[in-house]
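Structure first, commentary second.
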Ligand SMILES: Cc1cc2nc3c(=O)[nH]c(=O)nc-3n(C[C@H](O)[C@H](O)[C@H](O)COP(=O)(O)OP(=O)(O)OC[C@H]3O[C@@H](n4cnc5c(N)ncnc54)[C@H](O)[C@@H]3O)c2cc1C
């Protein structure tokens, strides 16, 4: 399981060094973790740090609401960063073209004046409405939130690593079979098989060769979905005998007494057996609606049904915006999610401040907002 990182809106999305204990492309620098015992009080809890969750954080500030963001992943950006960081996006208003990574950077920059805490490596699990109408939300990693409203910006659900489809792998998880690399030192002087052909697989294979006795990258074909510079570096490392590459797939694990001994690789025309201490499987991420499916919300086709006048779900006080929202003619577009978040937060305001009437002010006339943006104030609304 991942550990918690606590960061704030405004951090850059530049990758960390491969020796970082988090993923090789983690953008954030973890600061002091929030105490898991004391509830964190906020007006709105935003579940998901994808583009829509980040824009919702900005919009919460504009509307005058405090917020906190949680995400299962160790880095912000949702699908934009996980699935297509370097692809250009052409349909964001007033930005003719930017890569998905640039969009996330710009959203972070836009949020920065509100200094919103982002809790990474935290999967929201349970929700309970109290008698006073507020919600207690817990994460699987022990955080507790006390919030007036919940903004689900959870995309297609929490991203989880795609696991090896071999039953014998399950009891070896964390000890010998890994779906992320937490600490390179754990692999010092070991034989490590890295399975996968994307950026993470190549980055980690390259990083592991610096500490491991032997590194073998296994991928089903001699072509990769990683950036060209990583592929070139990997091929150079193979030529220099610093690591090996095999075309094939993981067929079986031999693990007498629950200790990985060897791995069978299926190849065209036969199988190969490699003695190994560890297997690192980096097949990418799959989305799973997970615990949110048990929150008593009306779910249609794996998405949360909402009222399009305010994007509120069947449970008043819980909103769904972005890809997770379901309504007639819903388009899974970033633009749609921005609009949904904006309307949802205006309704959320009535839960956070039932005794106040929010006066609508265009941002162009909002002196407080202008001041905050100009000074980069860390004030939380
Ligand atoms: C290849 C590709 C190209 C695309 N191109 C475009 C384009 O050009 N223009 C466009 O408008 N759209 C495009 N899209 C779609 C766009 O990326 C999505 O509409 C957008 O990412 C949705 O944003 P979101 O914030 O709702 O969800 P996501 O980006 O999916 O983020 C959701 C976040 O919520 C987190 N989460 C989920 N469940 C939990 C939980 N229980 N606890 C904590 N965290 C949780 C996830 O880890 C994730 O980080 C593209 C999509 C793909 C795959």
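Here the Cβ of each residue, glycine as well, is placed from N, Cα and C on the backbone.
In TrEMBL, annotation is done automatically, which means it is predicted and not curated.
Going by TrEMBL, these are the annotated features:
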type	residues	note
BINDING	71, 79, 84, 124, 159, 323, 364	FAD binding site
COMPBIAS	11-39	compositional bias 'Low complexity'
DOMAIN	43-328	domain 'FAD/NAD(P)-binding'
REGION	1-39	region 'Disordered'
Radius 10 Å, atoms counted are CB only; among the binding-site residues 84, 159, which position scores highest?
159
Residues among the binding-site residues 79, 124, 159, 364 that border ligand 1 - Cβ under 6 angstroms, in sequence order:
79, 124, 159
What span in Å does the FAD site cover, taken as the longest CA to CA distance among 71, 79, 84, 124, 159, 323, 364?
37
Within the domain 'FAD/NAD(P)-binding' (43-328) only, compute the mean pLDDT.
95
Just to be sure I understand the packing, how many Cβ atoms besides its own are within 10 Å of the Cβ of residue 364 (FAD binding site)?
7
